[in-house]
Amino acid sequence: PIGGYVKVSASGQFCLIDDEGKERCIPEGEKASLKPMHPTSVEGVDDMIRLGDLSEAGLLRNLLVRHKQGSIYTYVGSVLVAMNPYQMLPIYTAEQVDLYHRRKLGELPPHIFAIADSCYYNMRRKNRNQCCIISGESGAGKTESTKLILQFLAAVSGQHSWVEQQIIQANPVLEAFGNAKTIRNDNSSRFGKYVEIFFNKEGAIEGAHMEQYLLEKSRVCHQAPQERNYHIFYCMLSGMPSDHKKTLSLGDASQFKYLSEGNCLTCDGRDDTEEFGRIRSALKILTFSDRDCWEIFKLLAAILHMGNIDFQSTIMNNMDSSDVMSSSHFSVTAKLLEVDDAVLEKSLTHRSFMTNREIVTKPLSSEKAIHTRDAFAKAIYGRLFVWMFTKINSAIHKPQTDKPTYTRKSIGLLDIFGFENFRQNSFEQLCINYANEHLQQFFVRHIFKLEQDEYSKEGISWKHIAFNDNQKILDLLAVKPLNILALIDEESTFPKGTDATMLNKMNKEHNGNKLYMSSKSNHGMQFGVKHFAGTVYYDCEGFLEKNRDSLSMDIMELFKKSSNKMLKLIFEKDTNTNSISTLSGQFRHSLDSLMKALSLCQPFFIRCFKPNDKKMPMVFNRELCMQQLRYSGMLETIKIRKLGYPIRHTFRDFLQRYRVLLKTPAANCCAAICRAMIRDEEDWKIGKAKVFLRDHHDSFLELEREQELYRKALIIQRVMLAHKDRANFVKKRRAALVLQKNWRGHRDRRDFCKVSYAGTSKQGFARLQAKVRSRQLHTEYMRRRAAAITLQTQTRGYLARKDLKHKKDAVILLQAQTRGLLARKTLKKMKTDVSVQWNRADFLVFSTFCRMFCLAFLTAQEKEAQERTALELQQRLEELLRKNEEAAKSQVKDDEEMVENIFGFLPSAIVGQEGPAPEGFEVRVTFTREKEEKEKDKESDEFSFSKFASLYFQGSSSHSHIQQRLRQPLLYHEDEGDALASACLTVWWIILRFMGDLPEPKQERASAIADPIQMNLGQRQARRLSNLVGLDQVNKQDTRKHTFTLTRCSAYTVPSVPMLATYDRPMTPLEKLHIIVGYAIVRQDIRDEIYCQILKQLTANKNPKSTNRGWILLSICLGIFPPTDRLTKYLQSFIHYGPSEYSSYCSERLRRTLANGERSEPPCWVELQNKKPITVAVSLMDGRSITLTLDSARTSAEMCNSIIQKINLQDSYGFSLYVAMYEKIWSLGSGGQHVLDTVSICEQDEKRQGREEQHAPWRLYFRKEIFTPWHDCSSDQVSTELIYRQIIHGLKSGDYQSDKEDDYVQLAAKHYYVQHGSESSMETTEKIVRECVSLTLIENKSMVKLMQMIHSAHTQGPYINSSKPAYEVKAETVEYAREKWPIYFSKFYEAQIVSGPSVPQDQFVVVVNWKGVFFQDVTEAAFLQLSYPELKAVKGRELVELVNMFISGLKKRSVYAVATQDLIRQGASFTDPTLLNYRRGDVLFMIKDGEYSSEEGWIKARNERTNQTGAVSLDAIRILPMLTRDSKEGGRGKGGAKEKLWANSKEPLKQPLLRSLQGNSELCHLACDYYPVKHVRTPIDLTNQIFGPATAHVELRDEIYCQIMKQMSNNSHGLSMERGWQLLWLCCGLFPPSQLLLRFAQRFLESRPREPLASNCLQRMQAIIEGRKLPPHQVEVDAIQNNSTQIFHKVHFPNDTSELFEVTSTTRIKDLCRNIAKDLQLSSSDGYSLFVKTSTKVSDYFFDNLRQLTDVIKKGKKVKEAAPTIAPYLVLFMRKLWFNVIPGKDLTADLNFHFPQELPKYLRGYHSVSKEDMISLAGLLLRIQVDTDKSQFVMIPRMLKDLVPADQQKLMTADDWKKHIINAYNKQAGITVDEAKLQFLKMISQWPTFGCVFFEVKQTSEKSYPSVITLSVSKQGVSIINPKTKEVLAMHLFSKITSWSSGNTYFHLTIGSLVQGNTLLCETSMGYRISDLLSSYKDMYLNEIPKVRKSRRINI
């Protein structure tokens, strides 16, 4: 049926004008066939559900009418029918995007943007993934629809992020490589893709992922007539530069067979040259480098050349073979593929097979060679396409930014090939149509099957609607056994399988199926399938070859031999895997994954129709459209959408969302809402668990809900405004009453005064008052005067006494200074070698003068005594001077001998050869042949020093010996400061002097600068070393739990002062050696420099003495510090080729130093005296002595291991090496401490005491340092014996102290028994007393008394009458000492507190022993003790290893545990005798009887509280690191009191306080981390850890409030309460509590009015409306720590001024801008903004913005605890948006903002300005610079850069500029500086570029523009300016700008429609600023221009 209009003629004849405009007469017989058209079909409807005529004709006419009207979109409910217009329509602009955003489906005319917005809205509202399935025939517009949805989603996301642009720009690349021109479509997608776009919680795009399906690779080699190959080939040949094409040997497209087979080289409406530019820009955006692009084009060119390779048939060994015909294309192909010609030829003309035993190769005929060539080309293109897809995915797929608990949602877009039916259909069409069958089934299942099943399930009365189900077609193709695709796969696996055998199998299997049609003839190679869209016949030829999709072994071998990295990369997977899978199998697997993903989403359907096959606009083919309507099932879809209920809500969701529409309470709320709002009861149904609605009622209910919410909001506003106004009225009324009261009082007092002084009766009273008052004042004056006189008297006396004391102190000070001067001069004389002696006469004169001066103030007796003392002092000083001079001479001689004799085998040095000998006097060393050969080998060595010097030396420094000072260090150093360079050059100077290459200074120069190196070497000696033995303090027990951080101070400090003055004096070789080594110890960064300097002086050094000294210096350095890895190999090589007498020794020293690490002290005297290892004796505590060897790298661990092996010690843990000297003894441990470092310390300490270091009396001991908690004395008798002897020795020496005398007596009695058994005599007792009792105790107690006590204890003791072995008594003694004196068997660590609780002192000692961890102050008093079960976290270097070892060992041996959660099973159903019931905190006794295996996670235990036994999960308990039960361990325990969850507690939380969090494992873990807070270094780290998760998870905010208030309840600790209030203050400014907790939190604060912060916290809690996004800023934390609740921040202005403004935690950016504008008296704050110097992106909250911009994590560097560092920043307040700016309107803004912001733009030359204007402006600027000071005119040439634009200064000479500027200046006489600034602004405000922000960028996307352009952003839009000519090339208004985005180095701008808009790609690092400025201007216009909309969505 055809629609039309009936026209009746005058004669009564009926004429019909049909829809196509044709007129026809209707005979009388056919009048009955005319039927009236339904009114809804006359003009057409937007939604075909509303059609009254639900017939095919009605549907078709509706589409026809709308097509003629230009409306290409039509709804079928929520399904969109899109008709391809084949022309550009103006309906895809940015205005259309804004129009359809946030509008309901059906509110506006149908549009694809409405479907996209519905997807986006439903994803955010329902929190569910969405998908949009776009289906239709080829050429129906699916690809364009996909692009439009993508661009719409990017636009509404509103972020203008770079990833959005990358997602959009992926389309041009994929279209170029995957689309081609076909007969039906000029841009046909020859592959399918599924794009999944990911959104974060705020709805912004943050990434995407793409999947591709079945690229049509056959098109690379063959095209049908009038079809083209893929677009990229033609674009490359048209758009590539000629030089690049020449490199690739490319020409025109007609020259290549692969491009000309279809006889179609161009495509109408497509400019290949322009498209190539777009593709290159898109590749840049997608992070394809220029190298990647070039490699891609090389492979594409290779494919084109490969297609031109021809083959010539030949015969070889009676077999058909072929040869490659000679052509340039073959050689070019081999060159581009980077393979040999022979390899390529063999791979194309031969094929190899793998047999059972060998590989067989046979030649190919020319026809098969062509097939191989085509397969090769297709494989390259296919793999390249897949690799590009992977590369694009890596660029657009970004990691999730939200917290892991939030799963980001996505919208999927399916753009897959449409149904295809060509004249000749092959394997690709079968796969494509199979995919379309799947999509049709998905549509049918979702629209018909699931919906009708839902009605049946919910009990809705429903009449079944019949529909076409294509499930049987899917069964035929791929579901049932022996389906078509399965048969194709099966035949593909047979080596001899052919297309014919495959067809025979299919005909035999499916011949009886109605949907399958076999070939019409027996010899035909076709079969047919009745698809849902029609019958398609497929040609079987080539099916198996395409399905196998495999390459020959020869081709694969070619890939391996190729040097082309890109070729290897794309075939990497093929060469590494041997699995063989068919193409159809891969396609089916991908399709199954796709359908599974779609089934998890809420789908939207877009059915694309094409109106005609000729691709012509405004042509409607009725037959074609009717065919598409039928097979798409549109009629059935309309019926089910019209009669059905597609909108469904569960009762709970429906009531929760639409409860506001419920007018009155009702029993059945859902039905009541529907009944009240929807009139027709047929439009809604109530099921068993859901509410069913018609399609249009969802939008209706949403509209009603929004209107009702709006009404309710008005009511709330009305009430709140009334409350506010009433409060304001009450306040004003109260103020009025106060004013009235005060005015009345004032009036009455005034009247009284008038009455009092006006009448006579009152005058006497007034006079009397005056007299009394004057008398009182006089008395008070006299009293105060007397007091003042007294005060003056006392003050003057005090001042006189003070003056006298001052003079006396001056006399004493003068005496002290005089004596000090004498002493210093004496000391100076002792250190110098100057022959001039002290002039004693001068000394006597000076001392006499001093004595006379001093005696002037002394009495006679004092004077006589002073003179006598002075004479004696003078005599002693003279004697001391003489002795010191002799000692100094001998010391110098000893030092020289020590250094010279360090190697006994060196040649003897000749005295007097400090410097170099004169030429001719030096003894030259003759090189032997062996040495010459060694030198040759050395030069050819890979790691020779000369090569190192050429690589790393800077400047012109050589590697050979010189005798002069360096001007710069040899090596380049990152820290090129003056201090480092000075240090390097100083070391060089000392090395030259040490080696004798420079002479010593003649005399010492006076200098007051001390030697920092020597100071550093000496400072360490006075410190108290760790691990001191002999600590005597009482341990005080404390159960508080704290965590401390151990810090170790470095050994040296880097010298920061110049030291040349200190060393410019004669020095001994030992002094020089200590200086060189000292520098290496202090400055690790110059160690390589020192080695290089030594090696340089040893290279080509012809002075034997200098060489010998150099090798001595090198050997000493090798034993102290190692070189870096960079120098090590070169140094080893240098030593290897050195003199034989040095090389082996130095190599061994280097090896040992590299193995054991660097030394921390200079070489000691002992090691300088011996070349061979030193022999030392180590004393054992049992009296034995062990002799060991000691070298420079020997460590305490090596020494201890040697001792342990020698004495066969089994239980060796805890034994350490000790050093003793005088009364000191300290531990070296058993680790990496160098022994000789300690010896060096001892020697330096001896030297500092004024004694010689070689006589330092140090000794080594082997002692027990620490016990393990599980120490067993019976395990090793040797160990017990040594410890026992150590205890006896300690008792004797007084090291071990006890409070009770009886302890000493009992130990002595045991020793008595051990030594002498049961023998008893007083002589023996006396001997025992002398052996084990200290002298102090003997002196305090008499010897006789002690002998009696010990003798009595021995005779009455338990051992004398027993036969107990002696070793058991020794074990008891050891165990007693272990229990009694744990502090004496401990490790000590110096520590300082960085953060944490308050402690008595910042510096303290951490003591670790077998009992736990103790904290001691400097008085050795323990202020905190923690046992191992109390430890929660340990941090430190050595400490953490020790404590963790103890804890892990205790846990292995422990049988005690505590329950961390409740497990209570009650009732019969839960009774399980094998499981143990327990509560959190119960102590459990573990029974390790082997019944349960701990590896399985279970253990048997007994509950100490209930005494029950059962199985316990190891995950539910915490094993206590303890061996015995302690009463204070174990939490609640048996009979324990019930825990108060609301009160302060020191126990950590095992679960959150709030029940709402206990079900969420992730949030539960975060909540328990708050309490107690893990140890961190700084307060900001603490606040980050506490508040960080809560700012990200709203659910945790109440938990934070509860935990803080819990710790502040029943808390008597002052410091804890203070910090609790500080935390609560910060918390109240970050986020408010929930409504449920709000009143309790307010009551908590109101109940504590005495607390200073309580009221402030309450105000902050009420002020914060919504939570902040980031934890507190450093400024906030610092402020509250200083008890300051006011925070002021400095804000800078463009005129170089700044002011302080108060900011709070709740201050927003806009509020601060308003405050600043108000303070500066600006007319308005609009257009102004805050800037941070690091960025311009500003968030809502001020402190959140500062944190986001200034918290910089140093990536790539190791930062302690990963602490964020606060980057320096400046907060600026400037004008950002230049609208409504009229100079003179706001003078403050003009002077402070407009002028200082516009002046730099003018001077940089951004404006186009005439010469006359420049001169006038220069005159104004000169007046601003100099005001009226004309003397500055001479400086005008130098001031030109501040007066004239930079690019115009060469327009005239400087003198001409000066003359014109002075003339302009004089013409403007009489104006002030401010008036000049205003006049400057008025002149430039006339220019179109006034107020613009300029950006210089580089562009490559538009050929008509220069490569470098200037972008200017103003209130009108974006202008493109030529920077050289200042010409405006283009101006784009904001309304024409569709989208923009910015990346790290790019900015992208799209102008015009979303379909064919112009794009501008710019390279710039300021893209983020351009994007932010555009967003600000656009937001401004959106706010300024009112938009009247009927409704807006409110997401609640």
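Cβ coordinates are placed from backbone N, Cα and C, and glycine is handled just like the others.
TrEMBL assigns the feature coiled coil to one of the listed ranges (863-890, 1507-1534, 1647-1674), namely 863-890. Ranges compared are 591-613, 1419-1441, 1580-1602, and TrEMBL records region 'Actin-binding' for 591-613. In terms of local Cβ density within 10 Å, G141 ranks first among the binding-site residues G139, G141. Residues 63, 67, 78-84, 86, 112, 115, 118-119, 122, 126, 128-137, 139-142, 145, 184, 194, 196, 211, 213, 412, 414, 418, 434-435, 438, 442-443, 446-447, 619-621, 624-625, 628-629, 632, 634 of the same chain, all 6+ positions outside the region 'Actin-binding' (591-613), place their C-beta atoms under 8 angstroms from a C-beta of that stretch.
Summary for the binding-site residues S138, T143: the Cβ-based neighbour count within 10 Å is maximal at T143. Taking H, G and I as helix, E and B as strand and the rest as coil, DSSP gives the domain 'MyTH4' (1544-1681) the counts 85 helix, 0 strand, 53 coil. Note: the region 'Actin-binding' (591-613) comprises 9 helix, 8 strand, 6 coil (DSSP; helix = H, G, I, strand = E, B). Taking all protein chains in view, 28 other C-beta atoms sit within 10 angstroms of the C-beta of K142 (ATP binding site). Listed in chain order, the extra residues whose Cβ falls within 8 Å of the Cβ center of the ATP site residues G136, E137, S138, G139, A140, G141, K142, T143 are N84, N185, G418, C608, K610. Per-class residue totals from DSSP over the domain 'SH3' (1452-1522), listed helix then strand then coil: 11 helix, 26 strand, 34 coil.
Restricting the average to the domain 'MyTH4' (1544-1681) gives a pLDDT of 84. Taking all protein chains in view, 25 other C-beta atoms sit within 10 angstroms of the C-beta of A140 (ATP binding site).
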